[in-house]
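**Q** Before we start, here is the structure in question, set down as structure tokens.
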Amino acid sequence: MQQPAGRAGAILTIDLGAVRSNYRFLRSKLVSAQCGAAVKADSYGLGAARISEALFEEGCRHFFVAHLEEAIALRPHLPEAASIYVMHGSPVGYEAEFLEHGCIPVLNSCQQILAWRDLAQEKQQELPAIIQLDTGMSRMGMSPTEVQAWLADPGFIDGIQVQYLMSHLACAENQQSPVNQQQLQSFQALRRQLPQSRATLANSSGIFLGPDFHFDLVRPGAALYGLTPVAGEDNPLQPVAHLQGKIIQTREIAAGTGVGYSLTYRSTQVRRIATVAVGYADGWLRSLSNRGTVFIGDTPVPMVGNVSMDTVTLDVSDVALELLYPGALVDLISAKNTADQVAERAGTIGYEILTSLGLRYQRHYIDTPAQPA
Ligand SMILES: *Cc1c(COP(=O)(O)O)cnc(C)c1O
């Protein structure tokens, strides 16, 4: 599986075959709901264009991004049959760009709804949208008070063709959390009061809460990219990201020698140190300093010293010398050391590890043939 590293300090290999297989696995959990995809933040750092193209081939037709800008960049990569939804809705004053670029807003407030309704009136045509309701996360969507304003005004959504009512779960990765049922009930109650529409509630973790949470469409992101959807359980998904850093040089240090900025590591005996060309500027988080473990072949290798902007230092004393040449590759993220595991040591979540992945990597995509539904 080793790729030539070329001039870059590290190689990021993205397995589109694994994304496809994860998509099929998630779809197999659904009875009648459709499986969409969250491809915001460049598909969690892995490349929205390539990933969306592969997902479209697998039958995915609903793509979610956060920003209008992301939707505009993605649009040329997807056929018209694909809907691209912008979860932040329109930036104030940019509503018409949604029509120009064939993207659909998620309307999150009275203000966004009124602006979309005005545009529909101006254009004399029905305009599609998703309307998001806040069912307890207090982040995005119409508040209960705003829903009251809707109910009080029969013309509130005139000219808006509501494709889905949407909400988002705050605690879905924790299957024991009572919040999941509370949000589900609140969503169902709101749906009963509002004009009849299709609905979408579940992210990746929400899919694993069972069919009550699936409604008409699910919106997984993390699970497509191999992150674990259920806290505390084995991950049924395939890893997608493989990050290999390149050794620049190695040295032997005597007992009592400090390593890296502020010399936060000091050897207690003779050690061999390898310097690898990946640092916090590449998204290899500084919080991994003296905490991370990476792999050379099957040998776990501890990170020693502070992570620098462009380098990280490893204690490679247990590694065979013939594996320690300049240009040799070290597995930073791999099946043995997943983004979730790296995240745990960095004190964060796998989402942040993936979305932090840097721009200096040489990127490779590997793929397997499509298996459309
Ligand atoms: C990011 C996001 C998703 C996807 O969430 P995952 O946990 O990555 O599956 C779905 N819906 C909304 C509203 C989101 O913001």
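From the backbone N, Cα and C atoms, a Cβ is placed for every residue, glycine too.
Residues annotated as active site, proton acceptor in TrEMBL: Lys40, Tyr261. Per TrEMBL, the feature N6-(pyridoxal phosphate)lysine maps to Lys40. The feature substrate binding site is assigned by TrEMBL to Arg139, Met309. According to TrEMBL, the domain 'Alanine racemase C-terminal' annotation covers 240-366.
Please go over these features one by one and say how buried each is and what sits next to it.
**A** Note: Lys40 (active site, proton acceptor) has non-local neighbours Ala48, Phe64, Val65, Ala66, His67, Glu70, Met87, Gly221, i.e. same-chain residues 6+ apart with C-beta under 8 A of its own C-beta. Annotation note: Lys40 (active site, proton acceptor) sits in a helical segment as assigned by DSSP.
In the three-state DSSP reading, Met309 (substrate binding site) counts as coil.
With a 10 A radius on its CB, Tyr261 (active site, proton acceptor) counts 13 other CB atoms from all the protein chains. In three-state terms derived from DSSP, Tyr261 (active site, proton acceptor) belongs to a helical segment.
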**Q** My understanding is the cutoff is Cβ-Cβ under 8 Å with a sequence separation of 6 or more in the same chain; which residues meet that for Arg139 (substrate binding site)?
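**A** Result: His168.
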**Q** What does the structure give for the C-alpha distance between Met309 (substrate binding site) and Tyr261 (active site, proton acceptor)? Integer Å is fine.
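**A** Between the alpha carbons of Met309 (substrate binding site) and Tyr261 (active site, proton acceptor) there are 10 Å.
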**Q** Counting every protein chain present, what is the number of Cβ atoms, excluding its own, within 10 Å of the Cβ of Met309 (substrate binding site)?
**A** 11
